Amino acid sequence: MTREVEMGSPEKSTQASVETGITGRRPAGSERARYQLDSSGRFVDVNDAFTDLAGRDREALLGEHVSTVIDESDADRYRVAVGKLRQSGPLTDTDLAVTLGRPDADPLACTVHLTALAGDESGWNSLGVVHPRTGDPQPATNDYAAVLDDVLGSNGDVGVFLFDESDALRWANESAAAYFDVARERLLGADRRRLVEEEFRDAVAEPTAFTDAMLTADEDAATFECRVEPGTGRRERVLERRRRPITGGQFAGGHVELFYDVTERRRHERERKRYRAIVENARDIAYTIDSNGRFSYISHRIKDALDVAHEEFVGTSVETITRRMVDDDDDQRAFLELVDDLLAGERRDGRLQVTMTDSAGEEMIVDVRLSTVELDGAVELLVGTTRDVTDEVHRRTELRRERDLNEHLLRTAPIGIVVHSPDGEILRTNDRAETILGVGQAELTGRDCDDLSSTLVDADGEPIPTDHLPSRRVVDTGEPVFDYECGVVQPSGETRWALGNAAPVHGPDGELDRVVGVFSDITEHRERERELETERAFTDAVHNSIPDLVYAFDDHGRFIRWNDRGAEVSGYDDGELAGKHVLDFIPEEDHEMIWNAIEDVTEGSVERRETRMVTKDGTEIPYEFSAAPIVDEDGDLFGFAGVGRDISEQKERERTLKEQNERLERLNRINAVIRDIDQALVSASSRDEIEAAVCERLAAADTYRFAWIGREQQTDRTITPTATAGRDDGYLEEITVRTDESPAGQGPAGRAYRTREIQVCQNVRADPVFEQVRDAVDSYDFQSIASIPIVYEDTLYGVLSVYADEPFSFGEMEQAVLAELGETIGHAISGLQAKRALLTERTTAVTVEFRDDDTFLFALSERIDCTLTFEGGVYRSDDALLYYVTVDGATAEEIRAVAAEFSYVENLRIVSEYDDVCVIELEPPSPPMLEMVSDHGGTITEASASDGTATITFEFPSGSDVHELLARFRERFDHVTLVSQRETEQSVQTHHQFREALTERLTDRQQAALEIAYYAEYFDWPRGSTGEELADTLSVSPPTFHKHLRLAERKLVGAILDDVGRENQG
């Protein structure tokens, strides 16, 4: 059998190990009879062999004294032997011959081998092994190793090592081997030092300290603790090592090493320390009172709480301490009565509050709790705690006061208050809620919020869904709801309007505990607000219907409001206008003027000022502001209001009118100059006089600084001044103007020459065209330039440039006038050239050859190998020019085939065709060469083409410059070659000479037919005679008459047109 033994002390562990060894080592038939006695000599364990030998049951023996089984004659001797054994120390032994008394059998002579064992606190235990004496005398057995193996071999709580006097290990139990993770068989016979340094070292946590302690000879180190680390087949343990010498017997001079497993004891000790630390550091003061009414323990917290030393309490009576530290008699009596009742067992626990005074004289309110601890039904001690609840009591008192105040506010508040649970049950209301809801408090309390006889409606009078109500939203979301407006339709049918808030109230656990709703009656306020809104809407409508800005500012100049026009013009929204000052909308240079006007307004006057309004983006708009003071009902001034009128258009009209007047004045001056120029042009006798007169009169006007006219030089394509006037200050000598696309040709004069349109530079200082000559330009005072081409009928005679002192001097109307002036000058030059052509007897004859595959007449002569002769050109009534050309060597079909390849030849007509000679009529491409020549005062005297080359002779007044015409020809045709240029005398034919020449051309019949037709009014309308009548007069047939007349007419027209070459065709 196995007894449960307390596993806390090494001694009890040893006892348990012995007990286990007695009953569990050998089979029943071979085991020796053994027993174990406690320090008083009573049986604590026996094995079956002993019970058989003694003739008694195990249960009968346990607890009995050993004397019950030993003969009385051996009792004293047995006690003496055991006493000596205990004096010798543990594991000492002796043999004793005794007689066992057996109840149902004869006494048995035996030899008892006694071994001393470590026992509990009361003394030593002993182990006895009984050997019956047979006929042969039994030898005394002193085999300690065998005994220990039988007794302690399997003990799991103590490890035992037995060393002889040479420090050789003679025995070890299984627990010892397991503790250090070595096989027991390997240990026996080993030297103690080797075991410690080699076998045990790896199993312990601190091997060096363990080795030093085990091998030291210092007796003070005989007892120490070590920690065995966990490993294969073992767990972490705390072992306590004890060393005991053996003074007698077989192993005298040796010693026993005992390793007790104290893991659990150390754990309990740590728990006790932890518990004590908790008690000492707890907020409460812990203490015990013994059965005599004295403090037996009190935690050190007493020092911090009451500034009283711990020692002053322990051992002092409760009454003494109470009288010293509790001033109030009632508190003293109540506490002492509670202690007395508890010690008397009349109560098991108790609690009360008392007021104490600490050593500094400060009062504190404490909560006292006491309970009893009983032992064997009697009160052993009282366990108590005392906690400082001064702040808590004060908070509770304040809370009570606050609750009382809230209760008073709830009853007297001018707003309705409803408190309900999360599930909607109304818990509290006040009188004002009753008034607003129209339901009594008795009816409201305990009702569900959704089950009221009142109905909540929205602004449109529609019932509000339950889940939209503020209280329900608080329950659903856990968030407060503010400024919820609704109507309350009372049971009486009256509707009141309320504005309310609802908020959650959370319990200590953070969960929603209740919902508080507060609401005020805003019915009257709502009515007033509606009236104000109506009035304001009317006022706003009136103000917003005004196209001007209507505004109001306070007496400090801060913004109050304005109509929609103000927001539209300024660009500010309502949030940005808050706090704006009136001067924030006025340019800084006008601040003083406007503020002075405002001060005049605040004194009662009405003021009007023109300034500019500054918008959000910095734009300044011309405005006229009027302002008047505004006062309250008491007549006190609180601001000013007025109207702002956008006068941008007015200012623009004024500016425009001013500019128009200035332009008209300027144009009048210019027109006066131009009229003067026109008169000068009429009287001018040469081109140089025309150009000089123009420049002089323009420069003489106060409108312009200087003027000049230039012509292109063909050699280098520069424009050279031919006439100048005014204050150019040498500018014309410093610059070069070209007609090409080079940088020097990008100014107004060069562009005007190329485009034949007026070109203007309104701001010379800022124009990038003048960047390369910036230094030169900046040194002169002119600011703007206008360059006007001198053109007439597509003929460019030069460029007129005019300079002004101010920028932007040339408006559109002025530009148009100047452009017209250029045409007038060109017309004058052209007319002068024509006049010279009529009056001069000398002409310039110029012969030029042309080649151009894109010109129809030139290409026709090459493709068909024919010869073309230009007969002349005639303008139709629609001003379209028609060419008449004789083609020799080509048929009409061939001519039409070539013409089809040229898109611009649309109206070609075959006038006549005979003997491979055709006369064709066509419209030349624009501009026609005939017009180009005519524009330069010339005529075509002869023109023919063959093999793709056209040879044309022109006649110009003597002294004419044909370079510009040649330049235009080169722009028009691929190849232009000047063949000759010569001066010739122009013959002047008299009327008589003309008649003689004409008579020479006519035959007698032709002359007779022409004269009779003229005199017989054949050419009148209506005719005076018919052809048949005239034929009869001449005695010829009508066809013959018409033939002679037609030939005569042709020769007459040819003479007039000076086309002598056509006479042979008759």
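Positions of Cβ are set from backbone N, Cα and C atoms, glycine also.
Annotated by TrEMBL as coiled coil, the relevant range among 647-677, 709-739, 957-987 is 647-677.
With a cut-off of 8 Å on Cβ pairs spaced 6 or more residues apart, the domain 'PAC' (482-534) and the domain 'PAS' (402-447) reach 3 or more such pairs and are scored as touching. For the coiled coil (647-677), the list of distant contacts is 610, 621-624, 693-694, 697-698, 700-703, 811, 813-814, 817-818, 821, 824-825: same-chain residues at least six beyond its ends, Cβ to Cβ under 8 Å. In the domain 'PAS' (271-346), helix, strand and coil residues by DSSP number 43 helix, 13 strand, 20 coil.
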